[in-house]
Amino acid sequence: MGFEFWMFLSLVYVSHFHFHGLSLAEKAPYYSFVHEAAMAPEVSFYDYIIIGGGTAGCPLAATLSESANVLVLERGGSPYENPSKPDKGNFFPNLLDVSPSSYAQEFTSEDGVYNARARVLGGGSVINAGFYSRAEPEFLKQTGLNEALVNYSYQWVEKKIAFEPSMLQWQSALRDGLLEAGVLPNNGFTFDHIYGTKIGGTIFDGDDHRHTAADLLEYANPYRIKVYLHATVEKIIFETKVFSRTRAQGIVFEDELGKKHWALLTKDYKSEVILSAGALGSPQLLMLSGIGPSQQLKKFGIKVVMDQPLVGQGLVDNPLNFLLVPSPSPVELSLVSFVGITRFGSYIEACSGISFTPSWSRSVAKALAAILNQTEQSSTKLFQEGILNPESLLDTRIRGGIIFEKVKDPISSGYLELRNMNPRDNPKVTFNYFQAPEDLMKCVHGVKIAIDAVYSKSFSNFRYEILSAKALLELIVNLPLNQRPRHLTSAFSLEKFCMDTVMTIWHYHGGCRLGKVVDRDYKVLGVEALRIVDGSTFTSSPGTNPQATVMMLGRYMGLKILQERYFGKYRKK
């Protein structure tokens with residue numbers, strides 16, 4: 001890195017500590033700069049307009065506000081309105097909440113897999129399982145990020161929201177079971193991505209309270225930032241001149257009352273619109289604004305600003321398949337605390353004692369009862385209560401746990417298309433799960449490892465001996481996990497099991513890929529004053545869980561953009 005960049009970074013350090021030393025920073029949830037979009041002026045001007053106050057948008061905005069005037073537009077509400085709602089015990093109820101004000105907007109891919117998209121300040125960090133783990137070194141090399149600045153940016157995030165989880169009985173037993181199953185070595189606690197079994201970070205504190213990307217706004221200068229909630233961006237406004245490149249000028253957004261507002265860039269030519277709306281929102285909004293496959297845009301009567309056929313392409317979702325394992329012993333409430341990182345391309349994670357909605361509890365109980373009634377030893381005392389009253393095995397929380405495997409770097413990819421011109425509606429999404437046989441083999445091997453861990457000596461206190469591996473597979477096959485057809489041999493063939501019971505782990509990415517839609521500086525190719533900083537630019541999902549790297553990228557790119565603003569374009573030397 002050049003001397004100028006390090007001089008800039010030192011100035012950031014000085015300004016950061018001076019700013020926080022004067023106690024001007026505001027603590028969540030008491031942000032004076034967060035308002036409902038209806039309070040926005042009809043027309044306003046900013047140095048940077050960030051579309052999406054999510055996992056990347058919050059750290060990006062906080063960083064840019066150190067030296068520039070920033071607007072953040074978030075289509076959802078605040079996670080602070082009900083402080084306990086995002087906490088650990090509400091993980092699945094929040095994901096399964098389909099009400100209009102929910103944190104997660106549901107959608108079903110064209111593959112027949114249920115999915116969700118965050119709509120809340122803090123984005124996916126408000127609704128995920130909380131695991132915090134850095135990217136593998138290969139990802140950072142692939143994206144061309146500077147290692148020193150990456151590490152600094154991770155630490156900036158971790159200081160505010162990352163913790164070491166408590167490893168209680170169920171999680172510890174399964175971790176030891178993975179070690180027995182050969183996912184070696186035992187790497188203890190680390191944020192780093194290392195082959196073997198490790199305890200990772202979590203964004204839940206010791207009281208099971210969730211900390212999110214929205215908490216990173218505590219770093220923001222409250223006098224240089226505005227955040228509007230329930231602000232739906234309809235399109236980006238462009239200036240097009242003969243013999244000049246198309247340039248972003250601002251955006252049009254609508255508040256919750258249906259009133260339109262215009263946010264425009266200041267006259268400074270370094271001002272920018274930055275998309276941080278995620279792997280669905282960013283390509284969707286580019287298309288609604290006239291940048292995308294011209295044939296598709298013309299179909300909806302959208303004026304073509306730039307024909308870019310790669311917008312919406314290369315969309316990938318990492319397949320998830322899982323086992324639900326009832327326990328004869330009490331289990332703790334836990335979300336993902338450790339991970340098994342295999343060398344064949346599968347990650348094994350788990351959670352226990354979680355709550356379902358009543359309808360899901362009934363589905364699980366009904367399927368489990370059917371299996372138990374088929375078991376020759378079903379009269380065993382262990383299951384008498386369960387057969388007579390199957391919902392007692394779940395009650396308000398699962399008496400057991402979920403063990404799942406995620407396919408790393410799937411080759412199979414899909415695409416995104418507009419469903420209509422309403423930015424509030426989710427676009428049409430196809431992921432093409434297991435189209436590549438290599439992906440299917442990773443799943444099969446991963447499920448085998450999960451089964452071996454369940455039937456290990458270390459985990460013996462948390463499984464019923466009379467439930468065979470086939471019974472556990474059959475339980476999953478009989479649950480309404482997706483809209484895909486079932487093969488008769490799903491419980492006998494792991495290949496069929498993977499294909500039939502595939503779910504999402506909500507780590508979908510792509511659609512505005514690096515090198516295809518954006519350059520190495522995350523600037524949209526062929527357009528001035530427009531960048532994309534979020535997971536839509538990824539060619540693979542970083543690490544075991546992407547949130548750490550998405551937040552890091554927000555901080556990283558915020559620093560880089562400020563450096564370009566005040567010192568010119570950063571170049572490696």
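Just so it is clear, glycine is given a Cβ too, placed from its N, Cα and C backbone atoms.
Cross-referencing CYS351, CYS443 with TrEMBL gives CYS443 as the cysteine bonded to CYS498, criterion being a recorded disulfide. For the recorded positions CYS498, GLN547, the ranking by surrounding Cβ atoms (within 10 Å, all protein chains) places GLN547 first. For CYS443 (disulfide bond), the same-chain residues 6+ apart in sequence whose C-beta sits under 8 angstroms from its C-beta are PRO319, ASN321, SER346, GLU405, VAL407, PHE434, LEU494, CYS498, VAL502. Residues GLU74, ARG75, VAL120, VAL233, TRP506, HIS507, GLY535, PRO546, GLN547 are listed as the FAD binders, and the farthest two of them sit 25 Å apart at their Cα atoms.
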